[in-house]
Amino acid sequence: MRIDQSVIDEIKNKTDILDLVSEYVKLEKRGRNYIGLCPFHDEKTPSFTVSEDKQICHCFGCKKGGNVFQFTQEIKDVSFVEAVKDLGERVNIQVDIGQNQTNSSTKIASDELKMIEMHELIKDYYHYALMKTVEGEEALNYLHERGFTDDLIKEREIGYAPDNSHFCHDFLEKKGYDIELAFEAGLLSRNEENFTYFDRFRNRIMFPLKNGQGRIVGYSGRTYTDQEPKYLNSPETPIFQKRRILYNLNKARKFIRKQDEIILLEGFMDVIKSDYAGLKQVVASMGTQLSQEHITFLQKLTQNVTLMFDGDYAGKEATLKTGQALLNQGLNVYVVQLPSGMDPDDYIRKYDNEQFLKFVQQDKQSFVLFKVKMYQNEINHNDLAYEKHFKETVRDLSLVNSGIIRNKLIQNIADIFKVNPETIQYELDATYQHQMSSNTYPTFQDEPSKQQLILGRLTKNEKAERALIKHLTKDKDTFLNYYQKIVPEDFTNSYLKRIFSYLYDYYSKNDYYTISDMMQYIESNELREVLIELDQYHLNDEPYENEIEDYIQIIKNNNNEDSLESLNYKLREASRIGDSELQKYYLQLIVNKNKNRM
C-alpha cells in the first residue's frame, strides 16, 4: 500500500507535534523546548523532550521519538500507513491508498474487515447467551466457581456458544454476511461431503482473542464439561495467525512500557487471573512456542522479559526452551518459578492477590541461573554433563547485557560448578575473543550508538566524521559541493555511513533540510536516535576556510595508530563500567585493526 507523498507532507505540516504529544504527556517549557515524563518507559525524572521548532520529540532515557508519524506509530503500536491515516483523521484530511493497490488487494482488505466485524458482532450475542439465558446458566456457574466475577466476565467480554449448530450461522446470515466468508473467518465449519455449514463453536465458554489494536480476530472456546478438546481455538485465517498474536498485548502495552518489563505466561486464563490480581504487564502466546514475530513484538516494547510458566515438568521445559530463544535474541530474561504443580490461578486462589504480587516481585531470578539450577544434579554427578553445561553457561553469560548482573551471576554459578569466579571470567573473556576474531557474533557488528554518550573521548577520525555529516545537514548547497569528494565506504562509523547515503536520497527530492522531514527517509529506530544526537552536536554556524575539506582528508587518511590507541582506551573504559556490548564492539575493532597491520 502506498500513500501519495503530497498527502503525507500536508498531514505532517498540519499536525503540530507539541499539540499531539500534549495529549499523552504533561509538558513544561524549558528554554526553547518542552519536557515531560516519557510515555514509553517508567521514569521519575523527566527526560522526554519536544522541540516545537524542529517538530520532533526524543527521550534521552529510552531513546524513542521522532516526528509526528513515528511518535504515533510508537504510542499506538501501529504501522506507518495506519499512523498516517490516524493523523489524517485528526486534521480532516482524507487518506487514499495509491494506484498501485490492485482491485484484488482492495477486496482482500475489505474481506478482512468484514471478518473482524463478524467476530465483534457475535461477541455481544455470545455474551448475552452467557449472562441472560437459561442455557448459559451452567457455564456461568462454572465461571463463578473458578473465581470469575460478573465484572470480570463483562470486562473480558466472555460469552457462551449454545449447543446449537446454527446459532452463529443463523445470526450472521440474518445480518447479511456471506456464509462462505464466515467459514473462511473461522466462525463456521463445513461438511465437505455436502458443503453445508455449521457452527465451529458449540456448548463452550467463549473468550475473544484480540490483535495488537484491540480488534477481535478469533476465539478460544473452553469446555466446562468432559467434552474434548479442553480448548478449541479459531483456525489460522487471514486475520488470525497464532504466530502473530500475543493474548492481552493490546491491554498490557501501556503497563509494559511503564514497568519496562513484560511477563510471559503459559495460557490466556493465567493472564486473565493475573491481570485481575493486579499484575498488568502480562501476555501469553496462543498455545504455540514463541515465534520470531512474537519476539520482535516484545523487542519493540522492552528488553526485559520474565517467564512465569506452570510449575510442572512441561512448564519447566517450556521455560528452558523459550528463555534460551529470548536470550539468544539479546533480551534480558528472568524467571519466576511457581511451586510444583501450580499455575498462577492456583497460587492466587490458595493465597491472595497481595501475596501473589509479592511472590512475583521477590522470586524473580536470571534465566541463566535458573537454567544452571535445573541441571545441577547432572552437573554434580556426570563429568561429561559438567563440561557440556559449563561451556553452555559461559556462552549464556556472554549474552547477558548488564555487567553488574553478569558479575553477580558469575559468583553464584561458580559455587554450583565448584570453581573460582576467576575461572569463569577467564573462559568468558576467551569466548569474547573467539567470537570477535571469528566474526561469529553478528548481534554486535554495528557500532552501539550509545558509545558516544558513555565514552566521551573520540578519535580524530570519529570527530571528523561526525562534524562532516553535521555540516552536510545544514543545507543542500553544502552537500552538493562536497558529496562527490567522499563515498559512504570512507566512513568507519556504520551509522554515519548510512546517514550519508540517506542524505543523497533526501537532497535529490528536497531543497531544504529539516530533521523532521529527514526522519521520513529513515526506518531504523537506532539510526533516528543517532540523527537526533547528531542534531544536538554543536558546531560553528559557518565553517572556517577549508574546514570541510580538512574533515574529508582526515576521514580518507584515517590515522590507524591514533585509532588503535583510542580503541584500547575505550575497551578499558567499557570494561570498567561493565558494558559487555561496548566491550565486544571495541574488541572487534581492535582485532580488525591488528589484522590490517599484519
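Cβ atoms are placed via backbone N, Cα and C, with glycine included.
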Would you please say which range out of 38-62, 188-212, 288-312, 388-412 has the annotation zinc finger in Swiss-Prot? 38-62
Report the mean pLDDT of the predicted model across the domain 'Toprim' (260-341), rounded to a whole number. 91
How many whole Å apart are the CA atoms of GLU266 (Mg(2+) 1 binding site) and ASP312 (Mg(2+) 2 binding site)? 12
In the domain 'Toprim' (260-341), how many residues does DSSP call helix, how many strand, and how many coil? 36 helix, 18 strand, 28 coil
Tell me the Cβ neighbour count for GLU266 (Mg(2+) 1 binding site), meaning other Cβ atoms within 10 Å of its Cβ, over all protein chains shown. 23
Other CB atoms within 10 A, centred on ASP310 (Mg(2+) 1 binding site): 21
Taking the Cβ of ASP312 (Mg(2+) 2 binding site) as the centre, how many other Cβ atoms fall within a 10 Å radius? 15
Could you give the number of helix, strand and coil residues in the zinc finger (38-62) as assigned by DSSP? 0 helix, 8 strand, 17 coil
